[in-house]
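The pyridoxal 5'-phosphate binding site annotation in TrEMBL covers THR103, THR104, PHE131, PRO132, THR133, ASP134, ASP212, HIS215, TYR237, TRP266, THR294. Annotated N6-(pyridoxal phosphate)lysine per TrEMBL: LYS238, in sequence order.
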Amino acid sequence: MNENAYLTQEYARQLDEEDELKQYREEFYIQPGIIYMDGNSLGLLSKRAEDSLWRMLDSWKTYGIDGWTKGEHPWFYFSEKLGEMTAPLIGAKPEEVIVTGSTTVNLHQIVSTFFKPKGNRTKILADELNFPTDIYALKSQLGIHGLDPEEHLIQVKSADGQTLCEEDIINAMTDDVALIVLAGVLYRSGQILDMERLTKEAHKRGILIAFDLCHSIGAIPHQLSEWGVDFAFWCSYKHLNGGPGAVAGLYVNEAHFGANPGLAGWFGSHKEKQFDMEHTLTPAPDAGAFQMGTPHLLSAAPLYGSLTMFNEVGIEKIRKKSLDMTEYMMKLIDAELKDFGFVVANPRDEDKRGGHIYLEHDEAARICKALKENGIIPDFRTPKGIRLAPVALYNTYEEVWRTVQALKKIMAEEQYKQFENKRDVVA
Ligand SMILES: *Cc1c(COP(=O)(O)O)cnc(C)c1O
């Protein structure tokens, strides 16, 4: 075979032919003429997710109030059920996971419950590349304790503006740190942090550690229990395809069971006790204790259908195809876009690269607009980032090929110049 054969459309089609996950694409709603490369921001709707939402509505229709205890999935146990289904994706025990709240709310719960500034240990360690909401939550939590965030929130710096160095994080684990909050996969560059190593180093120093898995859950495997991670939290609308605003998740290592929830509510009750209606909370014996109010069942329902797919395929196979796709995309970018000023700013190593490609270009905002004009949905991150996520369950190798071809055409024909280099309201 000719050494440039990988640049052809036929080659891409051949990869699709050989793809053992190809039938899953049929399970998603793919709009004709659209190439969706934004599954790391909002995953697409699957027929299973849609079906489980309809079933939830149907149980309301059929049972009214009795839906709490009757039907296929009694609502009273649904958050626990989804937690159990999520556990294999993160290497946790079923009782360590609960589907509840949102990313931001779950982080607040973790900090409210487990951040106990004492003596010299009054600081929270984070980094300067994390998603803003995590930082806002941490600063506000410090404020509640009367601690000045300027002094008590340490944000590890990035040397290159894209990635973090684990050594730097470990060096910042000083004896005044009580809690560490980091991302599993960075939302821009897609860098995977070595969660196992960071956890080990934190524990050596008597520090608790939490990971935000928004960009890693459903994209890469985790072994949270084995690594001894204390806490984790994530959203369900990115790689998990749970739908916009889907109910999020929370993992609490069993070593921390029995802690009194910082933000308490009656759905954190022991199931047998909840309807005793006492004014003293008897918390659930597991991660369920960290729920607050009545679960948002209609926003949780699609996750059920979606998770059946993840559990059927297994995260290892999903990861393998995802790595193949991002590898292929980088090879095409290197070959086809080398004259156009793009920088591949995600880590290239397999053990450091998450589920998306991160390109930087000074004209990124309007290149993204031109991509949309060409029927390709990318994800712009200000000031000059283009995220492209070929998703294992529903994207094809041919779509990866066509995306790179479209970028080449947009640049060669200077199509992007028809647009303003400015972000839209949601970008
Ligand atoms: C998407 C994302 C969030 C979003 O938080 P919500 O509470 O779901 O709005 C938070 N943190 C990270 C790292 C994210 O990628």
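The backbone N, Cα and C atoms fix where each Cβ goes, and this holds for glycine too.
Mapped onto this structure are the features recorded in TrEMBL.
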residue	record	Cβ neighbours (10 Å)
THR103	pyridoxal 5'-phosphate binding site	23
PHE131	pyridoxal 5'-phosphate binding site	16
THR133	pyridoxal 5'-phosphate binding site	14
ASP212	pyridoxal 5'-phosphate binding site	27
TYR237	pyridoxal 5'-phosphate binding site	23
LYS238	N6-(pyridoxal phosphate)lysine	28
THR294	pyridoxal 5'-phosphate binding site	11
Exercise. Taking the binding-site residues THR103, ASP212, THR294, which residues show a Cβ-atom distance to ligand 1 below 6 Å?
Worked result: THR103, ASP212
Exercise. Looking only at DSSP and grouping its letters into three states, which state does LYS238 (N6-(pyridoxal phosphate)lysine) belong to?
Worked result: coil
For this session: Look up PHE131 (pyridoxal 5'-phosphate binding site) in the DSSP assignment and reduce it to helix, strand or coil.
Result: coil
Problem set entry | Site diameter for pyridoxal 5'-phosphate, Å, by largest Cα distance between THR103, THR104, PHE131, PRO132, THR133, ASP134, ASP212, HIS215, TYR237, TRP266, THR294 | 30
Exercise. According to DSSP, does THR294 (pyridoxal 5'-phosphate binding site) fall in a helix, a strand, or coil?
Worked result: coil
Exercise. What is the separation, in Å, between the Cα atoms of THR133 (pyridoxal 5'-phosphate binding site) and the residue listed as 'N6-(pyridoxal phosphate)lysine'?
Worked result: 16
Seminar exercise, completed: Reading the DSSP string in three states, the entry for THR103 (pyridoxal 5'-phosphate binding site) is helix
